[in-house]
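A.B. asks: Can you read through this structure? Questions will come right after.
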Amino acid sequence: MLIDSYGRVVDYLRVSVTERCNFRCRYCMPDEPFKDAGHSNVLSYEEMFEFIKICLDNGVKKIRLTGGEPLVRKGVENFVAMINGYKSGLDLAMTTNGYFLAKKAQALKDAGLKRINISLDTLDKTKAHFIARKDVLDNVIEGIETACNLGFGVKINTVALKSVNDNELIYLMDFAKEKGAQIRYIEFMENSHASSELQGLNKDQILDIISKKYNIKEITKSPNSPSSLFELEDGYKFGIIDPHKHDFCSTCNRLRLSAEGLLIPCLYYEDGKSIREAMRAGDIKKACEILNQVLADKPEKNKWENDGKGEISSRAFYQTGG
């Protein structure tokens, strides 16, 4: 069992299989040309898998594959099958922008993927182009529909932005309800790579918009979940991730592994420790030592103060795996 210095059980590993992404979303990617880590610096699937096995053997129960955009890396469905084949009953999930999902969903399902979180910030093609800096909406919608039809557990992630999609939040919920997916509204999280003109909506503002159509009640959430959970009168549940006022640091159960092998204890933590050389040398003992050191270094609370003006990591979310 993996336990940090504050007695929190860590049983959730987020693995960024690549920092590359085919979108350049304004709330995530920098304006300047993207420079990735380089092929030689990225862990192979086999190297990632060997580290994942260490974690699974020590009590990790949930693996989420992220990016960048995980579906731009070739062979990711084979990687899913490797992980799924190692431990039965594993909660194996992926976060994706959905662009390539329609083509790859069946292979991912066959490989053992259970759940998919898909980004959808608007149902308007012009706005989608503005946010992602390319035409993406048709592909994303097709990906969502395919995933829902195949029986994946689907969540739709929507970053709530003032003067961008604030007039669509109800429409997006209705879309998610129709598809049988849960929507989660995400407060815009300031980071050094986001466009400076963006402004987000907070939880109260989001609820105020939704309540114009629906009666809402807050319900008990999982203690490890980053989102507040709400229910409509018809039983439909939706979430709001509101780190500005309600972090979940006291129950945080996760570590993050970047594509280049950096093991990171917190999304807003600048530093981590690299397992790359240990994994390439096949030095499992050394990898375990690094894992234990990162557990010991896991902070009690993130460095981002509740007013959003605290120290913000210069590591972009696309590098850490959001």
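In case you wondered, yes, glycine gets a Cβ from its N, Cα and C as well.
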A.B. asks: Swiss-Prot has Arg14, Arg64, Thr95, Arg254, Leu255, Arg256 down as binding GTP; which of Lys155, Lys162, Lys177, Lys179 does it also list for that site?
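C.D. replies: Swiss-Prot names Lys155 for this GTP site.
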A.B. asks: Roughly how many Å lie between the Cα atoms of Cys28 ([4Fe-4S] cluster 1 binding site) and Met189 (S-adenosyl-L-methionine binding site), rounded to a whole value?
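C.D. replies: About 9 Å separate the Cα atoms of these two residues.
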A.B. asks: Going by Cα-Cα distance, pick out whichever of the binding-site residues Arg64, Gly68, Lys155 is nearest to Cys21 ([4Fe-4S] cluster 1 binding site).
C.D. replies: Gly68
A.B. asks: Listing them in sequence order, which of the binding-site residues Cys25, Cys249, Cys266 have their Cα within 10 Å of that of Thr95 (GTP binding site)?
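C.D. replies: So far as Cα distances go, none of the binding-site residues lies within 10 Å of Thr95 (GTP binding site).
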A.B. asks: Using the centroid of the Cβ atoms of Cys249, Cys252, Cys266 as reference, list every other same-chain residue with Cβ within 8 Å of it (recorded [4Fe-4S] cluster 2 site), in sequence order.
C.D. replies: Asp247, Phe248, Arg254, Pro265, Leu267, Lys298, Pro299, Glu300, Lys301, Asn302
A.B. asks: Which whole number of Å gives the largest C-alpha distance between any two of Arg14, Arg64, Thr95, Lys155, Arg254, Leu255, Arg256, the residues noted as binding GTP?
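C.D. replies: Largest Cα to Cα distance for the GTP-binding set is 21 Å.
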